[in-house]
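J.: TrEMBL feature annotations, pasted as is:
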DOMAIN    1-109  domain 'NADH:ubiquinone oxidoreductase chain 4 N-terminal'
DOMAIN    113-403  domain 'NADH:quinone oxidoreductase/Mrp antiporter transmembrane'
TRANSMEM  21-42  transmembrane segment
TRANSMEM  62-81  transmembrane segment
TRANSMEM  93-111  transmembrane segment
TRANSMEM  117-134  transmembrane segment
TRANSMEM  146-168  transmembrane segment
TRANSMEM  195-217  transmembrane segment
TRANSMEM  229-248  transmembrane segment
TRANSMEM  260-279  transmembrane segment
TRANSMEM  286-304  transmembrane segment
TRANSMEM  310-331  transmembrane segment
TRANSMEM  352-370  transmembrane segment
TRANSMEM  390-413  transmembrane segment
Amino acid sequence: MLKILIPTLLLVPTVWVIRPNHLWPAALAYSLMIALTSFSWLKNLSETGWSYLSPYLATDPLSIPLLVLTCWLLPLMILASQNHLASEPIGRQRMYITLLTTLQIFLITAFGATEIIMFYVMFEATLLPTLVLITRWGNQTERLSAGFYFLFYTLAASLPLLIALLLLQNTTGTLSLLTLQYSSPLQLTSFADKIWWASCLLAFLVKMPLYGVHLWLPKAHVEAPVAGSMVLAAVLLKLGGYGMMRMLTILEPLTKELSYPFIILALWGVIMTGSICLRQTDLKSLIAYSSVSHMGLVVGGILIQTAWGFTGALILMIAHGLTSSALFCLANTNYERTHSRTMLLARGLQMALPLMTSWWFIASLANLALPPLPNLMGELMIFTSLFNWSWWTFILTGAGTLITAAYSLYMFLMTQRGPLPAHIIALDPSHSREHLLITLHLLPLLLLILKPELIWGWTN
């Protein structure tokens, strides 16, 4: 664990002492080395318990795929941000890379934490760099209200979790994930225990986000710069799923009774947010709502509490992280050329950027879960565990799948097909930097087809 964490910490001073003309290449090379080193974690997936143990930081088959995804994303964010920050003063560029690195440090510590309170502190700490990214480097004046939404939704839901954790500490005497499994099972029967269960999960359901408490996400995505959107979609939403998986094993007896409304709400959210996607005119907003739709399935898979549901949820989280991040990068390449996120004003780009269209096509197919991509594998495992729970879910999941396919094709056709609008006179050609960026998103996704056991989690 330290062989990743210490180099990441050292990246912060390195960014401030390096010569301006070497800043971006050096930061990219350094972060890529960290990302490649993190692959060494994957060889320990055959072990079912904890590995790389220290009293506070350890990895297990559930956290390893998310840790590797976090490390993989930093070089991609640096690669994506290079162009639109080129005109800014060098101090701001250094600050931007420092914020991204700080965010990665917090995320690594959150996913690797063995103490639940440490996880909670890091879960909250990720808010600060993300908030600065949105409110300082966002595009429109609405970025301030987006920042407020993001901060207050997440903070308001997190305070009950803190109180619930302190109560758990009083009851069991420990908050370490290593020793909690050996403590005596909790006797949860009263109405107060049910409120305690809800407060434990509320913070994670808002972070996922569950339909109904999702309004902060489209705002934050639309206003954030490209790196903010990438890290938000790929990793920060997954913090919610990871937290739910960790907490539900402790709250075992109550989940069976209390999860019904949340599962139904999550599946209803898949249909509703998918329908909202079909009405969107803003490209980034469409991709943001599609994230809510996919996370609804993940919530359902986790709350079912079966091995298949957990595995499917983890696979879908990793696959969605790579897919949605790639879609935000593609949306950004369009925005840098046309300076508009409105799909009607930036359509027919296949005529001008044919190679980008092939990337759009692969990313759209991944978004609608085309076989044999891991997206489909995760969805099928979640569907199977849901059918096993109640066959009525067939109606909701079936409709959700159809709507997902419809809005993915709608997004592709609106942005790429048709005549080029008359107001688009000259467009920059696509750069090799952009092609490399999308390749580094979609290549791992395609390689996971060959070795999906890397992201199965703890049921392998």
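Cβ from N, Cα, C; glycine included.
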J.: Under 8 Å, at least three CB pairs between the transmembrane segment (62-81) and the transmembrane segment (195-217) (pairs 6 or more apart)?
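T.: Checked: the transmembrane segment (62-81) vs the transmembrane segment (195-217), no contact.
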J.: Should anything in the same chain at least six residues away from the transmembrane segment (21-42) have a Cβ under 8 Å from its Cβ atoms, list it; otherwise answer none.
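T.: Contacts with the transmembrane segment (21-42): 3-4, 7-8, 11, 14-15, 52, 59, 64, 67-68, 71-72, 74-75, 78-79, 82, 90, 93-94, 97, 101, 454.
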J.: Limited to the domain 'NADH:ubiquinone oxidoreductase chain 4 N-terminal' (1-109), I'd like the whole-number average of pLDDT.
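T.: When the pLDDT values over the domain 'NADH:ubiquinone oxidoreductase chain 4 N-terminal' (1-109) are averaged, the result is 91.
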J.: Tell me if the transmembrane segment (260-279) touches the transmembrane segment (229-248). I count contact as 3 or more CB pairs below 8 A, with pairs 6 or more residues apart.
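T.: The answer is no, given that the two segments have fewer than 3 Cβ pairs within the 8 Å cut-off.
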J.: Please count the residues of the domain 'NADH:ubiquinone oxidoreductase chain 4 N-terminal' (1-109) that DSSP assigns to helix (H, G, I), strand (E, B) and coil.
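T.: Output for the domain 'NADH:ubiquinone oxidoreductase chain 4 N-terminal' (1-109) reads 80 helix, 3 strand, 26 coil.
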J.: Residue list, the transmembrane segment (260-279) vs rest of chain: Cβ under 8 Å, 6 or more residues beyond ends.
T.: 201, 205, 210-212, 214, 286, 289-290, 292-293, 296-297, 299-300, 303-304, 386, 389, 393, 396-397, 399-400, 403-404, 406-407, 410-411
J.: Which sequence positions outside the transmembrane segment (286-304), separated from its termini by at least 6 residues, show Cβ-Cβ distances below 8 Å to it?
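T.: Those are 205, 208-211, 214, 217-218, 220-222, 229, 233, 237, 240-241, 244-245, 248, 255, 259, 262-263, 266-267, 269-270, 273-274, 276-277, 280, 310, 312-313, 316-317, 320, 324, 327-328, 331, 343, 367, 378-379, 381-382, 385-386, 388-389, 393, 397, 400, 403-404, 407-408, 411, in sequence order.
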J.: What else in the chain is close to the transmembrane segment (93-111), if you only count residues 6 or more beyond its ends and a Cβ gap under 8 Å?
T.: 1, 4-5, 8-9, 11-12, 15-16, 23-24, 27, 31, 57, 63, 66-67, 70-71, 73-74, 77-78, 81, 85, 118-119, 122-123, 125-126, 129-130, 132-133, 137, 227, 231, 235-236, 239, 242
